[in-house]
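Notes for the one structure printed next.
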Amino acid sequence: MTRSANSPFEVAIVGGGITGLALAVGLLKRNVSFTIYERAENFGELGVGITFTPNAQRAMEALDPCVLQSFTNVASAPSGGTINFVDGVREQGSEDPRTSTAALLFQLHVKGGYKACRRCDFVDQIVQHIPKDCVQYRKWLDSIETDHESGRAVLKFRDGEIAHADVVIGCDGIRSQVRASMFGTDELCPRAQYSHQLGYRGMVPLAQATAVLGPEKTSSAVLHTGPGAFVLTIPLAEVHAMHIEAFIMDKEEWPEVQTSSDSKRYVLPATRNEATKAFAEFGPTVRSAVSMFPEKLEKWAVFDMLEAPVPTFAKGRVCLAGDAAHASTPNQGGGAGFGIEDALVLAEVLAVLAEAPNVSGIVASEALAVYSEVRYERSQWLVRSSRRTGELCTWKDRDWGLAAEELSRDIISRSHQLWDHDTAGMVSDALAILGERVRGADTAF
């Protein structure tokens, strides 16, 4: 079946997280019609920190310079463009973190910039570029079917409403309903699973952090490694705050949380005392950093798709992007950025489809298959590598505090594989493959 030449090519974006919003701006730039279907009442994001590495920033600019500008408006870069990896257990000097010294294992130099911001600030910036009439809120997807007359996708929502689209892009996160519609929901189907890593996250005033830890330890990003856990502190000068992430490797299973809110399934109440006990064997800097958490806080389960990946990101007129496609642990700071890379390839591929007078189901399927082909292996690498980086930072194999050179080589190599990706080449490859595939797939294209 083929779309009528008089009907505009329409993209349905399910999910209004960062990947979905970035894709929307990229489509807008390329004059591709779209609608975002967001289950929440607004685009509100948590006020926790998020990082974007150089590859992600290049993809932002290629999507639309306003995406990169939205980020840089609210982002901070670590002093000197480095992340200091230190031994978080053994410190020299006193028990006062302002005067104690942690052994520097190595410095990770981020060429081109490693920047962080609060999620909510970035979202507030980027939504300003999306027309309000392109968004529908409180739309909880129930199923995706095919209109047998037109061949287009039919989205059915829990409120009884339906929508039609030429292609559907699932940007609906780790518990993706789009993914479920593609592959099913039983235990053998692709899905995100508990990685046995949990985290405590918080933002504290930078002045408070400086008073507790000292100016030297709050002027740059520091990753404190240690047995079974690690802590990352990132100063965000533009918002006068320090973002603290404390991660623990957990042997238990994550309990099933019954809630209508998808994000709350991965959150449990916790206390500062619980967090401080987990880091009791660490040095004074880590213990003091964790002590700045509020008395009542939350602990977050880290889910990824290492054990149950999707076999492909595309199936017919439907595909996945971001966490819905390749949820990963946050240990390399690359997950959100890979969603931006996904959005760039999709925006370019969909722009080609939108320019065609007619788009059949065959051509739409081929185009989305090209996106999957270009993005799949790199994304699966990140899932594996990010999990391994967490093992390195928590000394799973050995006391890396005593083998800094070997640790340095491993993490630096992984980091450059993440950062140095040829973004322009990725897009060129996708368009070249698309041209070859569709040339013989449909003469109406």
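Heads up, the Cβ atoms here are built off N, Cα and C, so glycines get one too.
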Checklist entry - Looking at 8-28, 344-364, which one does Swiss-Prot call transmembrane segment? => result 8-28
Checklist entry - So of E38, D323, which of the binding-site residues has the fewest other Cβ atoms within 10 Å around its own Cβ? => result E38
Item to check | Alpha-carbon distance [N358 (N-linked glycosylation site); D323 (FAD binding site)] in Å | outcome: 31
Checklist entry - With every protein chain in view, how many other Cβ atoms are within 10 Å of the Cβ of R119 (FAD binding site)? => result 18
Checklist entry - Hey, what's the Cβ neighbour count for R201 (active site) at 10 Å? => result 20
Item to check | Spatial separation of N31 (N-linked glycosylation site) from E38 (FAD binding site) - C-alpha basis, Å | outcome: 21
